[in-house]
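This report refers to the structure that appears directly beneath it.
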Amino acid sequence: MFTADGGFMLIQGKIDISTILDTYPISHRQWLIVFLGFLVLGIDGFDVTAIGFIAPAIVDDWQISRHMLGPVMMSGLLGLAGGSLISGPLADRYGRRKIIIASVIFFGICSLLSAWSWDLYSLTFFRFITGLGLGAAMPNITTLVAEYAPGKYRSRLSTVIHCGFNTGAALGGLLSQQLLETSSWRSVLIIGGILPLLLALILLRYLPESMLFLVQSPQNKNKLMRLLNKFIPGIANEHCSFFTTEPEKNHANTAKSLLSPPYTLGTFSLWLTLFGGLFCVYLLSGWLPLMIKDAGLTLSQAVIIGSVFQVGGMMGNFCIGIEMDRWGQHCAIILTLLGGACCALILGLYTPSMPLLCVMVLLLGYTINGISPGCYALAAHFYPTSIRATGVSWATGVGRLGAITSAGVGSAMLAAGWTFNEVFMFLPLPLLIGTLALYCKKRCQVIVKNQTPSSMDNNAMTEQEEIDGVK
């Protein structure tokens, strides 16, 4: 039966964990998990962008040309992709908490090692292994936050923590500027190593394991009972048993499970959308100021436009989750993709005046920067607990490959003499491909859900019901 005060499911001593998380009022402990996720991504943002802030100082210190830092930048992106792909299956096997804390400690130590690099080869290696840890942290903290968020707030809480990445990057830029004026570039990397290690101590004390992960194994009963009683005092005792209305645990290779029915189409759709979305974000983040300058504007105007793009990105990261919870997950992301394509097309057809250009770039940043956190939240909702971390991590990793591709494509475009307008005429293509992919995913889910036998056990949640992204 349902209790009078909580509305959660308690049937003959059996406690439904997923129903408790969805229906019970959000607690201060859940808000703490969201805040810790924000901190993890904040420090992640600081360390990911640190190399860009200190690059000019490295060039001056080692007396090298700017293009020689290319492998250093690329190695970090490769590490981010590799860390995402590796960490997901590990988190589904050993738990989200262990992998998150281990990754934070790992990239903290590696950042400290980077500070003692003696040449480009050593710096390239250390940035690669730092990227492995950074790439592991983001998707798994997103998964953990999603698994603790009530259903009606899941998208917004899963995406709002990604504002931490932008905040960490912005504060990192300010801190780097101060440190470079009073010390060397190595001090930035030292701070970037100390902060994660301090955060790891906080995570060890306050970050819990996912209850949805623990409920999958009977051996975790006592851990789950103690953890649940911290959230809702007195709800569970040794006579209770725990279950969840999710598909049974998949014991097959979790990476292969992403491409097996009924997840095949959804997986490829998410990968295509994230690849295209992050391709556009990184292409503009890396080349927009230069493209603006080549279009005839001054250097100061180019810097302003680049900053406006990042401000729009922070707004998009914050709002996409709210839009997903309000309009439906697929609809919100599809509208965001179409909005970004329209903004890019307008800039491709017409070069407006500086004030209007700022408005259009702000809207462009708002739309395309919201794609990736929206897709991370959608992936966390799409996959069952047994492969959720793998699904989110692999989607993140494939998206990072789009970021890596953008570096080479952007360079080739400029080398081939592409103009400002021609680049923006190209941008709608990957965005429209992502739109089509998500639309196909949504329509397929509607068809499958409508064909689900009515005799299905009401207490068993199908994959389509768990996704619940079609509203």
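Cβ coordinates come from backbone N, Cα and C, glycine included.
Under the heading domain 'Major facilitator superfamily (MFS) profile', TrEMBL lists 33-446.
Annotated transmembrane segment per TrEMBL: 31-55 (among others), in sequence order. Long-range contacts of the transmembrane segment (31-55) within its own chain (CB-CB distance under 8 A, at least 6 residues past either end) are made by residues 66, 69, 72-73, 76, 80, 100, 104, 107, 111, 127, 130-131, 134, 137-138, 141-142, 144-145, 148-149, 157, 160-169, 171-173, 175-177, 180, 185, 188-189, 192, 195-196, 199, 202-203, 206-208.
TrEMBL lists 67-87 (among others) with the feature transmembrane segment. Through the fold, the transmembrane segment (67-87) approaches residues 48, 51-52, 55, 58-59, 99, 103, 120, 123-125, 127-140, 389, 393-394, 396-398, 400-401, 403-404, 407 of its own chain, all at least 6 residues removed from its boundaries and within a Cβ separation under 8 Å.
Taken from TrEMBL, the feature transmembrane segment covers 99-118 (among others).
The transmembrane segment annotation in TrEMBL covers 124-145 (among others). Within its own chain, the transmembrane segment (124-145) is flanked in space by residues 33-34, 36-37, 40-41, 44, 47-48, 51, 71-72, 75-84, 86-88, 91, 96-97, 99-100, 102-108, 110-111, 113-114, 117, 157-158, 161-162, 165, 207, 210, 376-377, 380, 388-389, 392-393, 395-397, 400, which lie at least six positions past its ends and keep a Cβ under 8 Å from the stretch.
Per TrEMBL, transmembrane segment is recorded for 157-175 (among others).
Within the chain, the transmembrane segment (187-207) has long-range Cβ neighbours (under 8 A, six or more residues past its boundaries) at 32-33, 36, 39-40, 43, 46-47, 50, 53-54, 97, 100-101, 104-105, 107-115, 144, 172, 175-176, 179-180. The transmembrane segment annotation in TrEMBL covers 187-207 (among others).
Annotated transmembrane segment per TrEMBL: 263-285 (among others), in sequence order.
Feature annotation from TrEMBL assigns transmembrane segment to 297-320 (among others).
The transmembrane segment annotation in TrEMBL covers 332-350 (among others).
Feature annotation from TrEMBL assigns transmembrane segment to 356-379 (among others).
Beyond the transmembrane segment (391-417), the same-chain residues lying 6 or more positions past its ends with a Cβ under 8 Å from any Cβ of the stretch are 73-74, 77-78, 80-85, 87-89, 91, 135-136, 138-140, 142-143, 146, 255, 258, 263, 267, 270-271, 274-283, 286-287, 290-291, 294, 372, 375-376, 379-380, 382-383, 423, 426, 430. According to TrEMBL, the feature transmembrane segment maps to 391-417 (among others).
What TrEMBL lists as transmembrane segment is 423-440 (among others).
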Worksheet item: the transmembrane segment (332-350) and the transmembrane segment (423-440): do they have three or more Cβ pairs under 8 Å, with pairs 6 or more apart in sequence?
Response: yes
Worksheet item: Do we see three or more Cβ pairs under 8 Å linking the transmembrane segment (157-175) and the transmembrane segment (297-320), pairs being at least 6 apart in sequence?
Response: yes
Discussion item. For the transmembrane segment (297-320), I need the partner stretch with the highest count of C-beta pairs below 8 angstroms, choosing only from 99-118, 263-285, 332-350, 356-379.
Written reply: 356-379
Discussion item. I need to check the long-range neighbours of the transmembrane segment (332-350): which residues 6 or more away from its ends have a CB within less than 8 Å of a CB in the stretch?
Written reply: 155, 273, 277, 280, 316, 320, 323-324, 326, 357, 360-361, 363-364, 366-368, 370-371, 374-375, 378, 420-428, 431-432, 434-435, 438-439, 442
Worksheet item: Apart from its near flanks, which chain residues at least 6 from the ends of the transmembrane segment (263-285) lie with a Cβ under 8 angstroms of it?
Response: 257, 306, 309-310, 313, 333, 337, 340, 344, 364-365, 368-369, 371-372, 375, 378-379, 382-383, 387, 391, 394-396, 398-403, 405-407, 409-410, 423, 427, 430-431, 433-434, 437-438, 440-441, 444-445, 463, 467
Worksheet, complete the sentence: If one takes Cβ-Cβ under 8 Å and requires six or more residues beyond its ends, the residues near the transmembrane segment (99-118) are 40, 43-44, 47, 50, 83, 87, 90-91, 126-127, 129-134, 136-137, 140-141, 144, 186-187, 189-190, 192-197, 199-200, 203-204, 207, 389
